[in-house]
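These notes concern the structure reproduced below.
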Amino acid sequence: MLVSLLGILLSVIVGFVVTLISTKWVIGLCKKRGFTGKDINKLTKDDVPVLGGIGIVAGFVAGSFTFLLTSYNLSPGIENVVVSILLSSLIIGFLGLLDDIFNISQATRAFLPIFASIPLILYSVGHTIISIPFLGKVNFGILFYIIILPATLTITANAFNMLEGLNGLGAGMGLIMALALAYIGLKSGGTSFYAGIVSIILASVLFGFLIFNFYPAKTFPGNIGTYFIGSVIGSIGISGYMYTALFFLYLPYVIEFVLKAKTRFKGVSFGKIDDQGYLHWDSKPNSLTHIVMRIGKFKEYHIVLIIWGIEILFAILAVVFQTVTITI
């Protein structure tokens, strides 16, 4: 057990350190190659590197691989969880990078996470029997792998990409989600426990990335980062049988989806900045960020902290309902 705990600790440290090193390197590379975007929520509209998500991918892969190496012979069945999530994350990371570089159309981009579901299907992660409130347990059989699993991963990845645009918002939301899933998983056994460990690694990586991404951001995650985080969160939830938790954790994104759908997904999440640095939105809200802007006078980091607070409340509900009340 001691060796296993040391392996977990080493994996978390490796993930965190590699994220710091690789993100700093990517920032320099993006500045040299011109991979930057305007920070439109600032008065100065500075150019900010947009491929910071590469650091997230590198840190997560390094941390997960370290955990796999240090725990493979000690934990039967760990390969299915870690390897499937690792392969899935590499696929979505690569596709996200292509999107950032070549600007893939929105319609095509929406279906990219389906490819990331292939390793999860091949390793048969998840459980075909799902407990549904008021209906009881339902065995979806093969439909789980050909419909439910790919659909879940597609939804979690695309939804996560919708609510972004403010410094640190997405990475912080991902950190909260990862900590909630880690708590649930580590309280459980078997596959859920392994998924919880992977979630701890993701949390350490996102914490490291936030050092560069929180206000004022030195880099943006890009589509590679947002799709990656959403996809990994979905993979962890699926492999750890934490479907109820995923439902509650993604409720803010359900709100975001409804608001964006009203604009036919052409809406934005950023606001209009005044000369004092406060963000405003006077039109009909097409993002959760706009709702916050309309209820008070806030600067960018205030809005981020408020939405983080909302996500923390849903994370608490996720933990309670997943571990105490029901299991979907």
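Using N, Cα and C of the backbone, Cβ positions are placed for all residues, glycine too.
Annotated in Swiss-Prot:
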type	residues	note
TRANSMEM	1-21	transmembrane segment
TRANSMEM	48-68	transmembrane segment
TRANSMEM	78-98	transmembrane segment
TRANSMEM	107-127	transmembrane segment
TRANSMEM	129-149	transmembrane segment
TRANSMEM	166-186	transmembrane segment
TRANSMEM	192-212	transmembrane segment
TRANSMEM	228-248	transmembrane segment
TRANSMEM	301-321	transmembrane segment
So, do the transmembrane segment (48-68) and the transmembrane segment (301-321) meet, by the test of 3 or more Cβ pairs under 8 Å (sequence gap 6 or more)?
no
By Cβ distance under 8 Å, which residues at least 6 away from the ends of the transmembrane segment (166-186) in the same chain are close to it?
39, 41, 56, 160, 192-197, 199-200, 202-203, 206-207, 209-210, 213-217, 221, 225-226, 229-230, 233, 236-237, 240, 242, 245, 249, 252, 269-270, 289, 300-301, 303-304, 307-308, 311-312, 315-316, 318-319, 322-323
Sort out the residues at least 6 away from either end of the transmembrane segment (192-212), same chain, that have Cβ-Cβ distances under 8 Å to it, and list them.
8, 11-13, 15-17, 19-20, 23-24, 27, 52, 55-56, 59-60, 63-64, 67, 75, 77-78, 81-82, 85, 168, 171-172, 174-175, 178-179, 181-186, 218-219, 221, 225, 229, 232-233, 236-237, 239-242
Distal contacts, the transmembrane segment (107-127) - CB-CB under 8 A, six or more residues away:
80-81, 83-85, 87-89, 91-92, 95-96, 99, 144-146, 149-150, 153-154, 156-158, 191, 223, 227, 230-231, 234-235, 238-239, 241
Spatial neighbours of the transmembrane segment (78-98) far in sequence, C-beta under 8 Å, 6+ residues away:
51, 53-54, 57, 60-61, 64-65, 67-68, 71-72, 104, 112-113, 115-120, 122-125, 153, 157, 191, 194-195, 198, 222-228, 231-232, 235-236, 239-240
